[in-house]
Each structure stands twice: as structure tokens, then as C-alpha cells.
Amino acid sequence: MKLLSVLALSATASSVLGASIPVDTRAEKFLIELAPGETRWVTEEEKWALKESGQDFFDITDEEVGFTAAVAQPAVAYPTSIRHADAVNAMIATLSKENMQRDLTKLSSFHNRYYKSDYGKQSATWLQQQVQAAITASGANRYGAKVASFQHNFAQHSIIATIPGRSAEIVVVGAHQDSINGRSPMTGRAPGADDNGSGSVTILEALRGVLQDQTIVQGKAANTIEFHWYAGEEAGLLGSQAIFANYKQTGKKVKGMLNQDMTGYVKGMLDKGLKESFGIITDNVNANLTKFIRMVITKYCQIPTIDTRCGYACSDHASANRNGFPSAMVAESPIDLLDPHLHTDSDNISYLSFDHMIQHAKLVVGFVTELAK
């Protein structure tokens, strides 16, 4: 139970008993994990201060009593060769930078997408409508494809699109949908174009591409496919933690999860004299899944890779990993060259490359198809 709930009960009792019981007016506190086994109780303001200092964390306040984080990498076999090049290339040919620019213009127009705000709720509702439209336009809904809200104890909901396959084993692609202004989290302007509007519209356009394949649309792929848009990532990976904890509790099988968090900024690399590249995260990920992703990139994308590390609890793939599911992350660049405008009111479309975002969309289409079909 959160301290806030305790305070609410105390306040009720105080009014009933004529204020004979003192009310604790201390700020609500949250239990965070900064490294395996390293926990701390902090206020909301202290959470944001840690975030702005570059310290990521899991918010585990609502974690089930007795939860044990996974410590071993799941033993999962992945394809060692490309098997669906014709199908993937046909899907890739349908990907549209114009769609991505249109969607990101709208998504970044909300005042912010803060997980506790009405704006965060409104943006999630709009995004879910776009996902539903893509499913309906493809006809996949006639074969069981659907999109659903995953509700939390805050305003913004997560979104899960499901395309059934012949087995219940799931291939997941995810991106967080929320945004934050580091100086004024509650009310500040936070367009979040790159962090993480870019990842959100990247996987949305990849979903449209995947839904061009009739084998997948008609539920004939070997595995089930899910696209996730997570709420509350900035506050401690809240949405993805809740989803993957639920999957663990209900015995779901996840073959692999690919996270897309920030997919549009290349200037940092170019200013350093580097080639435009993907940033392949190598820590807190599944090594075999990452090896498979490298193969997909080599086949379907036109830019190279650079290995990089992002630390503990840096993004939503860490939630999958913590719950025992194999996960990986590919970022827009090495972590030290990410978009410097993140968490500010200047995180705008004008700094982004839609050519680079298309490369990420190609990766997602290739990943999903080669692993699920």
C-alpha cells in the first residue's frame, strides 16, 4: 500500500473521531530500485531530481509482495539465418515517412504526455485510436486482431495491440508513449518529439507495414505478435513493469521483446564525425536476442551499428528482462550522443531525421516478421 493510501485512511478516521487522531501530512513517498537490491524511499520531487541527474530506476512501490527479479538470461533459440526476405521487403516498401511525420506532429502537439495528467490520458486515447484504425483498415480484426487499454492507477493507460498467430508464444515490440519536462514535470510543456514520440510513431508505422502481409493478418504466422505503448516510463518504468509482471504471473511466453526508445536524432553522431548508426544496447539485455537483431539490421537496414551501454533500468526493455523475458534495445545513437533536448520544451520535430526513423521502422518490421512468421 502506498503511503498516500495510508494518509487518506488517517484523514477519514480523523474526521470521524473529531480530529482526535493526528494526520500525517508528509509528502507521498515511492520505493525505487537504483541497482539490483539497492532501494530507497523518495518523494516525487526526489525522483525527478534523480532523473535529471542521469540516474534511472525502477519504481517498485506497487510491486507484488514476494516478487523476485530474474537473475539468469532465458535460454531461447533464435533463427540463425534470414528466412522471410521477400515478405519483409514487401512490407518495408509500404513504410511512409509522411505518415510518421503526420503522426508525430499530432503526438507532440499535446501540451505534455505526463502520465498523471489529462494530457497524458488524451494522448494515449488518440494513439490507441490510430492503432485501431490500422488494424481495421487491414481487415485483421476479422481474424482476431485487437487493441486494448491496459489500465493503471494513474491517468494514462498503456496500449497493447495483438495479432494472433498459430501459437501463444509472443513476439513483442514496445515503446513508451509518455513525455516529461524535467524542470516542471506536472505542468510543463513537454512535446517529447524524440523522447519518445519518435519510438511511438516508429512502431505504429511498422505495425501498418506488418499488417500488409496477409499471412500475418489472417492469423497464420507461427507466433502471436504484440505492439506495446507504455505509460509512465519516465516515472520508473511503471507501465512496462505492470504489463510484464502480469505476463509473468499469468504464465505467458515471450519469445523476444524489442524496445524502441528515441529513434530520430542523428546530429550528435554527425557532429563527432561518426556515420549515422544504430546504438545497440549491450547491458541488461539478452545476448542471443541482440545477436539475432544484428543479423536483421545487416539484412534490412542501410546503416551500421555502434555498441553502447545505457545502465540499469534505463528503459522499458529492462522491465521485460527483470521479469525473466528476453529483451533487447536499439537506440538512435550511442547513449552519450542522444538528443540533448530530451525532457525539455525544446524536444521538437525540427531536430529529428525521418530517414533515420524509417531505418528503425525497417528494423522493427524485420524483427517481427523473422521472429514471428
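All positions are counted from 1 along the displayed chain.
Including glycine, each Cβ sits where the backbone N, Cα and C put it.
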Out of Glu226, Glu234, Glu276, which one does Swiss-Prot list together with Asp195, His343 for Zn(2+) 2? Glu234
Where Swiss-Prot shows His176, Asp195 binding Zn(2+) 1, which of Asp103, Asp118, Asp261 is named for the same site? Asp261
Which one of the glycosylation sites (Asn196, Asn288, Asn348) has its C-beta surrounded by the most other C-beta atoms within 10 angstroms? Asn196
I'd like to confirm something. Which of the recorded positions, Cys310, Cys314, His343, Asn348, has a Cα closest to the Cα of Asp195 (Zn(2+) 1 binding site)? His343
I'm trying to understand the geometry here, so how far is the Cα atom of Cys310 (disulfide bond) from the Cα atom of Asp261 (Zn(2+) 1 binding site), in Å to the nearest whole number? 11
At the level of the C-alpha atoms, what whole-angstrom distance separates Asn288 (N-linked glycosylation site) and Glu234 (Zn(2+) 2 binding site)? 28
Note down the number of other Cβ atoms within 10 Å of the Cβ of Cys314 (disulfide bond), including every protein chain shown. 21
Alpha-carbon distance [His343 (Zn(2+) 2 binding site); Cys314 (disulfide bond)] in Å: 14
